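Features of the protein shown, as given by TrEMBL:
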| type | residues | note |
| --- | --- | --- |
| COMPBIAS | 1-10 | compositional bias 'Basic and acidic residues' |
| DOMAIN | 102-166 | domain 'GHMP kinase C-terminal' |
| REGION | 1-35 | region 'Disordered' |
Amino acid sequence: MPLKPEDASRIEVPLSEVLPSPAGGVDTGKKPPEPPVGIGHHIEFPWNKEIKAVAIVPGFVVPTAEARAVLPEKYARNDVTFNLQRIALLPVALGQSPPDPELIHLAMQDRIHQPYRQTLIPGLCQVVESMSPKTQPGFLGVCLSGAGPTILALATSNFEEIANKIIEKTQVAQRE
């Protein structure tokens, strides 16, 4: 079943609205409980205000149980290391001015959940593999938002064009 325009929302959202507290905004959510072993900390740092989030919200739901069921019981050490390196890099990359598109794109790569969950999100694989800062002006990176099905792209310009490319790739995959 193809994704129709009314099935997806195309909204340009500043990163500070997606992640208000880390971006220096006001977090109106409930304060999380204290970490059980005292290792959790909240640190504010400057996110680059040029970076905006483009969220593509498909018109279908991926049940949490289904999204969890496709994940493996164990992960290879090199895949965990790969993700840990990027987790450390991403916040720093998002704070740089001007943004470094290649660095952000690298930092948004994943081997822990996207390779497994892409089977639940038609077109995600094509989006991740084909879109890059070199092929798409203004594009910084893309990821599956949480367990999905929302696809989240970060960009500095050409937001509508980026959204349209993602929607097009997901529509083609749904028809196949």
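Cβ coordinates are placed from backbone N, Cα and C, and glycine is handled just like the others.
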The domain 'GHMP kinase C-terminal' (102-166): DSSP-derived helix, strand, coil residue counts: 28 helix, 11 strand, 26 coil
Arithmetic mean of per-residue pLDDT over the domain 'GHMP kinase C-terminal' (102-166): 95
